[in-house]
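Per TrEMBL, these features apply:
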- 52-81: transmembrane segment (TRANSMEM)
- 56-491: domain 'Major facilitator superfamily (MFS) profile' (DOMAIN)
- 93-111: transmembrane segment (TRANSMEM)
- 123-144: transmembrane segment (TRANSMEM)
- 150-168: transmembrane segment (TRANSMEM)
- 180-205: transmembrane segment (TRANSMEM)
- 211-232: transmembrane segment (TRANSMEM)
- 298-320: transmembrane segment (TRANSMEM)
- 336-358: transmembrane segment (TRANSMEM)
- 365-388: transmembrane segment (TRANSMEM)
- 400-424: transmembrane segment (TRANSMEM)
- 456-487: transmembrane segment (TRANSMEM)
Amino acid sequence: MRTQGAGVAAGSGSLLDFFRRKSKYARMDDVLPQDPEDGGGISSVRGSSRRYVFACSVFASLNHVLLGYDIGVMSGCIIFIEKDLHITEVQQELLVGCLTFISLLGCLAGGRTSDAIGRKRTIGLAAAVFQAGAAIMTFAPSFATLMAGRLLAGVGIGFAVMVAPIYISEISPAMSRGSFASFPEIFGSLGILLGYVSNLAFAGLPDGVNWRVMLGAGVLPSVSIVFVIMVIPESPRWLVMQGRAADARAVLLRVTDSEEEAMARLVEIEQAAAARVANSGEAAWRELLRPSPVIRRMLVAGLGVQFLQQITGIDALVYYSPTIFRNAGMAAETQLLAATVAVGFCKTAFIVVAIVLVDRVGRKPLLYASTAGITACLSVLAASLALLERGALPAGAAAGLAVAAVCGFMTFFSVGIGPVNMVLSSEIFPLRLRAQAVGVGVALNRMTSGAVSMSFLSVCGAVSLAGAFAAFAAASALSVAFVHWFVPETRGKTLEQIESLFGGGGAALCEVEMELGKGELLEHKRLVSHAPN
């Protein structure tokens, strides 16, 4: 994974040029000072700060390869595990869905852990826990042992899913935060694609060996996290929370384009952190449980996009795509796995579009396009399966439509609600609540994912495969309306300014009014006036 991460950084010159164009400051082409302890492991940096933030974002996102790989590889493993361990349909659902449910523990504990030991150490802890779980699954002699390893891996995944978007949002400049915060999603999708490729590559091995090799390969990427912890800096916001303003300044000098910009961001962070000094973690949880109107609007938007991302059936398609294609008329295992690789490719490739556009056109337009496109693709998939069940559509045509609809779903998912949900969740909450609120949002996301993946086969047995996807299409249609009414545009705002978009007044609102143009200010006021009470 080390060479892969480096390759991404080196081979993405156009993206880096795109990020550099956004800076309103001239870059100081000098050697920056040595990082303090826990401030980072690279001694000096020349050139663009965007390149440095880009590299840190790539490294911090590598844990998501583990999550994606585990999700993707299980879609093919389950075929061979069923043959080898003779598990039932209910056991299949438990094996697939338990990962997302148990990851709730990691999500909920991740907020407190990242506040206590730091963002980057939490990234390392996530990799270590996942690695232990993957090793247990690889050598599992029975279904019970396999479940134990999967549960342990789920805890590590929960930590990883929660902490990476927070870390990236806290080191990134406002004008490119959305692009960088999308990296976990693209690396998760890359992991899914690698899992699908692993299924196809190792399917020919003897039964009882093939699925173990597929799962065991997931241990290798986590080794790269040791390197990651050594080279990435700690979050400057976490350093300020620990009273280490000098260390935070040293990090900010490396991730900004000038000393003036670094000092301005440091002052901003210190002001936001001041409100947290008197608050304990328990106080943050009390505020989330009994929120003010402003915090309530943030929770509605943040938790809503997390829920809607999963209720449209993304994990059902990822985990059970071979089963779906088999029901649509495909028979050969190699065809099923090859079609699944095509699905993974679409999911991965089109996230690049989101990374380029999320800070150029904004979060909300991408969410509109994404949710509308997903609704259309789910409707086509449900209709084609229904026609096949009634004999009104040939099996070959139904299979072709199913593959096209699922690939279309992945395309629209990847350009919008896939990466944007975590961008929003990691940037809309104030610093004093950010870790806990993001943890709750990711926990809701994982719980919804688990409910969908653990019940999908049973629901299909009750209402048919076509009926299940018709229900997903209806949920997706509701998500379009949700985006319109409850999600504001946050493009270009600093983390400390965004509170005003949800009705926060006072000095923060005055500051936003000074920075926004007339047209954007009118849009901001319209969003505030239409926010739910």
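Even glycines carry a Cβ here, placed using N, Cα and C.
Unlike curated records, TrEMBL annotations are generated automatically.
When the stretches 93-111, 180-205, 298-320 are ranked by Cβ pairs under 8 Å to the transmembrane segment (336-358), first place goes to 180-205.
Stretch with the most C-beta contacts under 8 angstroms to the transmembrane segment (211-232), considering only 52-81, 123-144, 365-388, 400-424, 456-487: 52-81. Most Cβ pairs under 8 A with the transmembrane segment (456-487) among the ranges 298-320, 365-388, 400-424 are made by 365-388. Along the domain 'Major facilitator superfamily (MFS) profile' (56-491), the predicted structure has mean pLDDT 87. Of the candidate ranges 52-81, 123-144, 180-205, 365-388, 400-424, 52-81 contributes the most Cβ pairs within a distance under 8 Å of the transmembrane segment (93-111).
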